[in-house]
Each structure stands twice: as C-alpha cells, then as structure tokens.
Amino acid sequence: MSVEGETMVQKVREVMTTAPVTVSGQANLTDAARMMRDRDIGDLFVMDDGELHGVLTDRDIVVRAAAEARDLNGTTVDEVCSHDIVDISPNDDADKVVMLMRARAVRRVPVMDGGKLIGMVALGDMSVERDTGSALSDISTAQPNR
C-alpha cells in the first residue's frame, strides 16, 4: 500500500479475525472436534478462568490422540493442545506476525489486548492480505469442501 509515495504499514487489527472460538481445557476431544466441524474451523483457543492456556488444532487431535488410539471422549483438550504459545498485540505491525510464524513454525497467532483474547491471525489471513493472487490466497478464500 502506498499513499503519495509513502508506504503504509498494516497493523494486526487490520488483518486479524475477530471473535475466535474458545474451548475449556477440560472439554473432551470429541466435543472439541464437533465444535470445529460445526463452525468449519481448524483450531480452538483453550481458555480457563479467562486466561489463554493453549491452542488446539485439528492436527493435534489426529496426531496426538486419534493416531495413538486414545479415547477421544476420555481425553481432555488440555492433554493434547499446544501450551507453548506466542501472541501478538492488535497494535503491532502485521509484518511482526509473519516473522513470528516463521520463527516459531506456527500457522495461527492469538491476538491479545490487555490480557484478553480478541482475535487471531492465521497464515491464510496473511496470504489473502499480502499476496491476493497467490495459490494460498485462492485456497484460503475458497468455499470449503463438504
């Protein structure tokens, strides 16, 4: 983006998805998987007592539970979610998200404001904003297969 020769820096709040879906760490994986299916999403933010404790992805369920033949009804979200999370502020430059994703090899970054989860930035969000003609951008904006 440029205005009269000046480059405008996008902020995280301009590219983030608001109102991310959350789940309790004590919920079982079957319920979490149903939440993902019903909302057509691949991740849930794990919240307990108003604090972010982790991120659960559809891949976490497959690799850390289903592939290990764990009982999905008897396994809690907290047992398989990723607890080592990195977050970003809505006022940070969007470029910082890209650097964090690369450095930490993550595809989703929670957006925190004053200790509260207010959004998320996914790899697909960045591709749509940064490279609208790319294959990843096309995939990210396409209707899901049903």
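Glycine too: its Cβ is placed from the backbone N, Cα and C atoms.
What TrEMBL says about this one:
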DOMAIN    16-72  domain 'CBS'
DOMAIN    81-136  domain 'CBS'
Segment confidence, the domain 'CBS' (81-136), expressed as mean pLDDT: 87
Residue distribution over DSSP helix, strand and coil in the domain 'CBS' (81-136): 21 helix, 16 strand, 19 coil
